[in-house]
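Here the structure comes first, spelled out in C-alpha cells, and everything after it is commentary.
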Amino acid sequence: MAAAVAAVGGEGKKRGASRSWILFDAAGEERVLDADKYAIMHRVDINARDLRILDPLLSYPSTILGRERAIVLNLEVLLRDPSDENVIPVVEELRRRLAPSNATQHDGKENLSGQHDVEGAEEDESPFEFRALEVTLEAICSFLDARTTELETDAYPALDELTSKISSRNLDRVRKLKSGMTRLTARVQKVRDELEQLLDDDDDMADLYLSRKLAGASSPVSGSGGPNWFPASPTLVSKLSRASRASAATIHGNENDVEELEMLLEAYFMQIDGTLNKLTTLREYIDDTEDYINIQLDNHRNQLIQLELFLSSGTVCLSLYSLVAGIFGMNIPYTWNDGHGYVFKWVVLVSGLLCAFMFISIVAYARHKGLVGS
C-alpha cells in the first residue's frame, strides 16, 4: 500500500542535509523521520527531478504527478515545520482522515455485528492516496481562499478611502495591496490551471490510482517489495488486504475508470475557481477605482488649464495697457504735449476700456469653442 509522505520541514542549510518528514500509513500510524533526499528517493521510488519539484529554493510550476508508488504534488503552498501553527491543522486533518475507522472500538462496546458494519464501511472508503490528496487539496484551497478574504477585507476600505481623498499615503497603500493581489492571483491561477489540465487528461488521472497499481503488481498480502517503514500489525495487514481486493476488482472492471478521482478534483477545482473569481472581481473594482481617479485628475487638470487661459488672457490685455503707458511715458520732446494735459485722463480711460473689452472677447470666444466651462 502506498504511503503518504509530506515534506514539512528542514533546518539543515547544507545541500543533502536531512529534513523532517511526517509519514502516515494506511493504518493511520504516523511518525516523524529525518531523511535526506536520497533516502526519500529510495523509499518512495522517485527520481531526483521529481524531488526537486518540492524544493522551495527552486522555481517550478504547479504540478501534480502520479508515480508508481507516490504522488508528487507542488501547488504553491509550502508546509514546513510540523509544529508550525499553519501546519498543525493539516497534520491533524491527515491524522483524522487516515485513521482506521475501527479506532473507536477500544471503548469496550464493540460486538460482532458492529465489526461487520465497520468493515463494510471501510471497504466503501476512498483509496488511501485519495484521502491524503483530498486533505492536501483542501488545505491548499482553504489557505488561498483565506488569503483572498484577508486581501478583500483590506482592499475594499482602502479603495473607498482613496476615492474620497486622493493622497500619497492612500495611493501607496493601494499600490501595495494591488501588488499583493497580483502575486496571489498568479498563485491561484497556477493551481487552477494544473487542476484543469489534470481533469482534461484521463491518463494522468489514472496514474494517481496507486492502490490500483499495487493491486495489479502484487498479491493482496504479499506486499510490494518496498522498504518496510512500520512494523507489521493485524490492522495494517487487514486494511491492505481490503484495499487490494477492492483495487483488484476495479482492475478487472475498467482500468481507465477515473470517475471517483474526477469528482474529487472537480470539487476543489470549483473551489479554487471561486477564489479566482473573487480576485477577478477585486481586480475589476481596482480598475474601476483607477478609472474614477483618472477622471478626477483629468477634471482637475482641465480646471488648471482654464485658470491658465484666464491668467494668460489677462496678462496679454495688461501688456497692451502697459504699452500705451510706456509710449506716453517716453522722455521725448514733442510739441503736441504742451497745453493738452486734459488728454491724460481720456487716454487712461480709453486704454482700460479697450483692454477690458479684449479680455471679455477672448473669454467669450473660448467658451463658444468649448475650451472652458460655462
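Placement of Cβ uses the backbone N, Cα and C atoms for every residue, glycine included.
Unlike curated records, TrEMBL annotations are generated automatically.
It should be emphasised that the depicted structure is a prediction, and the values quoted were computed from it without experimental measurement.
Quick look at what TrEMBL annotates:
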REGION    99-124  region 'Disordered'
COILED    174-201  coiled coil
TRANSMEM  309-330  transmembrane segment
TRANSMEM  342-366  transmembrane segment
Non-local residues, at least 6 beyond the ends, that sit with Cβ under 8 Å of the transmembrane segment (309-330): 344, 347, 351-352, 354-356, 358-359, 362-363, 366, 371-372
Within-chain partners of the coiled coil (174-201) [C-beta distance under 8 Å, separation at least 6 from its ends]: 61-64, 75-76, 140-141, 144, 147-148, 151, 154-155, 158-159, 162, 262, 265-266, 268-269, 272-273, 275-276, 279-280, 282-283, 286, 289
Mean of pLDDT values spanning the coiled coil (174-201): 92
